[in-house]
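*Asks:* Straight out of Swiss-Prot:
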TRANSMEM  1-21  transmembrane segment
TRANSMEM  38-58  transmembrane segment
TRANSMEM  69-89  transmembrane segment
BINDING   GLY76, THR79  Na(+) binding site
TRANSMEM  97-117  transmembrane segment
Amino acid sequence: MIPLILAVSAGGVAGTLLRFATGNWINANWPRHFYTATLAVNIVGCLLIGVLYGLFLVRPEVPIEVRAGLIVGFLGGLTTFSSFSLDTVRLLESGQVALALGYAALSVFGGLLATWAGLSLTKL
């Protein structure tokens, strides 16, 4: 059990640091587009979870520590629904209703499409 906990922890640290770095970089370059960082990591995370899920389906021998470290740890740290929700509320509170609705729709449907695309890539 300890190796599994360590794998998830290490993946979580790596994913969280990547999300933090992405947010800092986007906010430094496009401060008025704060929501872009969350959108980017969520879409990329959805693509990656599709790819990993597809790979793990055809490679059942991949150890649970690797699977959990990447999916639960890394992608769990990288992606975030709570930040998406806060970004949407901030846009609504600033009166940018159309942008908030577009952002929410793109996040949900873009995430679903990216997950499907990632899974499909593993079937080529």
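A Cβ is built for glycine as well, from the same backbone N, Cα and C atoms used for every other residue.
Looking at the shown structure, what environment does each listed feature sit in?
*Replies:* Within the chain carrying the transmembrane segment (69-89), a Cβ under 8 angstroms from the stretch's Cβ atoms is held by residues 7-19, 34-35, 38-39, 41-42, 44-46, 48-49, 52-53, 100, 103-104, 107, all 6 or more beyond its ends.
Every protein chain shown contributes to the tally, and the Cβ of THR79 (Na(+) binding site) ends up with 21 other Cβ atoms within 10 Å.
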*Asks:* Below 8 angstroms Cβ to Cβ, which residues of this chain, lying six or more residues outside the transmembrane segment (1-21), approach it?
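*Replies:* Counting only partners 6 or more residues beyond its ends, the transmembrane segment (1-21) has Cβ contacts under 8 Å with 37, 41, 64-66, 68-70, 72-80.
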*Asks:* What is the total of other Cβ atoms whose distance to the Cβ of GLY76 (Na(+) binding site) is within 10 Å?
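*Replies:* There are 18 of them.
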*Asks:* For GLY76 (Na(+) binding site), just give me the three-state DSSP call.
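*Replies:* Helix, per DSSP.
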